[in-house]
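Asks: Please find one structure pasted underneath; my questions will follow.
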Amino acid sequence: IEMAADGNPPVQHRLSFSHRAFQITFGSIFLGKVPFHEEVHRCAGQIYGYKGCIRDFQVNHKELFIIDEALEGRNVENCNVPICDYHPCHNGGTCISDEENWYCECPKLYTGKLCQFATCDENPCGNGATCFPKSRRDVVCLCPYGRSGILCSDAINITQASFSGTDVFGYTSFLAYSTIPNITFYYEFRLKFQLANHDSALQDNLIFFTGQKGQGLNGDDFLELGLRNGRVVYSYNLGSGTATIISKPLDLTLNIHIIHLGRNLQKGWLKVDDQKNKTVTSPGRLVGLNVFSQFYLGGYREYTPELLPKGPRFKNGFQGCIFDVQVRTSLSQGFKSPGTPEGHPNSGRSVGQCKDSPCSLIKCRNGGKCIETGSTVYCDCLSGWKGAFCTETVSVCEPEHDPPHLCQQGSTCVPLPGGYTCHCPLGTTGTYCEQG
């Protein structure tokens, strides 16, 4: 007999029999308690009922769906472990929850669903852009849908959306559409995409997602499409297990790839380019997809993979262009673009127009390099320079100066024509106020 609990090494117990042991046939398996009418072997002693939650149950490498496959039961309720028990908040954030909702109360200078992003002291960005501190004095403006430029002041018309994946600040470019109605029992999607010209665009990238609460728990219904290791991965969960279809490797000689996928009750299918149609049937008995989040294209508003349901969690957003996205939820209706009005997203971030380069309009000075992520653009300055276009020198007393000044903490650095001096607080002396 062998048993292992948590991450501890397994514990073994061995018995030797002097006589031959015969095959034993067991009766039903009971979870939680044995009913009073069932006879219990005297060697088992008294059996008490279990109080708590049991999530996954597997026998001989076969997962048994606790509710769907049970023959009978009594007094069993749905188990919702409070999300705050998972301690999801970063950077000293405090998790606050009730039975339905939760949020992270972030300390100053942090924002995001999990307090995972830094914020700006003073926000010069316009039109609802996300401000991110590039340094203590310089910021980057992550532009909302339909805007571009250093401060997101330029309007752009987007007909074919260009996504840049996850940027160096941890944000992803995305579009968010209204929840797609009547998707429960039947849907079909068609879309085209063009990959960015580098290997990372094929490795682990989300194309679209819609789901339930976004807590990353097992059992959440979801619909997800992405790329992994050069193949298209299509997954959905109706509440009783995940169904997944993986295509053959993409033909990278094709400039544009075409995807057609769908689902009718438990059965799903995927068609990629000229590859053969592939099908799958979801496990369990459930047949309806219940999702009430928005439909996300190219990325996710708070792109921390732990907020996506367990399954094929894609680490990055899409890199390239996605266009001609269409959906229908009945065989009797035609395909149409998602969104209300049709084809119009509710929101988005760092999404540009395919084949346009915002850096073509930006001139960084003094050796600075223009960086673009979708519609977001900024100048990456060489050491010694700062400002939106790298036109300002970094003072020897500023934190960004390389090498940093040597004035001790509590003293004041004062720049001079040939260097700097340190003004010492009461009780210290020395060139750098290092002596008591």
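Cβ coordinates come from backbone N, Cα and C, glycine included.
Quick paste of what TrEMBL says about this protein:
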type	residues	note
DOMAIN	80-116	domain 'EGF-like'
DISULFID	CYS106-CYS115	disulfide bond
DOMAIN	117-153	domain 'EGF-like'
DISULFID	CYS143-CYS152	disulfide bond
DOMAIN	164-354	domain 'Laminin G'
DOMAIN	355-391	domain 'EGF-like'
DISULFID	CYS381-CYS390	disulfide bond
DOMAIN	393-434	domain 'EGF-like'
DISULFID	CYS424-CYS433	disulfide bond
Asks: Reported as an integer number of Å, what is the Cα distance between CYS390 (disulfide bond) and CYS143 (disulfide bond)?
Replies: 20
Asks: How big is the Cα-to-Cα gap, in Å, between CYS106 (disulfide bond) and CYS143 (disulfide bond)?
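Replies: Roughly 23 Å, rounded to the nearest whole number.
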Asks: Counting by DSSP secondary structure, give me helix, strand and coil numbers for the domain 'EGF-like' (117-153).
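Replies: Residue counts in helix, strand and coil order: 0 helix, 14 strand, 23 coil.
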Asks: For the C-alpha pair, I'd like the distance in angstrom between CYS424 (disulfide bond) and CYS381 (disulfide bond), rounded off.
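Replies: So the Cα of CYS381 (disulfide bond) lies 32 Å away from that of CYS424 (disulfide bond).
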Asks: Neighbour count, 10 Å Cβ-Cβ cut-off, for CYS115 (disulfide bond): what number do you get?
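Replies: Here the count is 23.
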Asks: If you run through the domain 'EGF-like' (80-116) with DSSP, how many residues end up as helix, strand and coil?
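Replies: Secondary-structure breakdown of the domain 'EGF-like' (80-116): 4 helix, 10 strand, 23 coil.
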Asks: Does CYS143 (disulfide bond) have same-chain partners at least 6 apart in sequence with Cβ under 8 Å from its own Cβ, and which are they?
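Replies: CYS143 (disulfide bond) has long-range Cβ partners ASN127, ALA129, GLY149, CYS152, ARG349, SER350, GLY374, SER375, THR376.
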Asks: For the domain 'EGF-like' (117-153), could you work out the same-chain residues 6 or more beyond its ends whose Cβ comes under 8 Å from its Cβ atoms?
Replies: 109-111, 167, 169-171, 175, 345, 347-352, 358, 361-362, 373-379, 381, 386-389, 398-400
Asks: I'd like the number of other C-beta atoms within 10 A of the C-beta of CYS433 (disulfide bond), please.
Replies: 21
Asks: Write down the Cα-Cα distance for CYS115 (disulfide bond) and CYS381 (disulfide bond), rounded and given in Å.
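Replies: For CYS381 (disulfide bond) versus CYS115 (disulfide bond), the Cα atoms are 27 Å apart.
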Asks: Provide the three-state DSSP residue tally for the domain 'EGF-like' (355-391): helix first, then strand, then coil.
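Replies: The domain 'EGF-like' (355-391) comes out at 4 helix, 12 strand, 21 coil.
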Asks: How many Å lie between the Cα of CYS115 (disulfide bond) and the Cα of CYS433 (disulfide bond)?
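Replies: Each residue's Cα considered, CYS115 (disulfide bond) and CYS433 (disulfide bond) end up 37 Å apart.
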Asks: Across all the protein chains here, work out how many other Cβ atoms are within 10 Å of the Cβ of CYS152 (disulfide bond).
Replies: 25
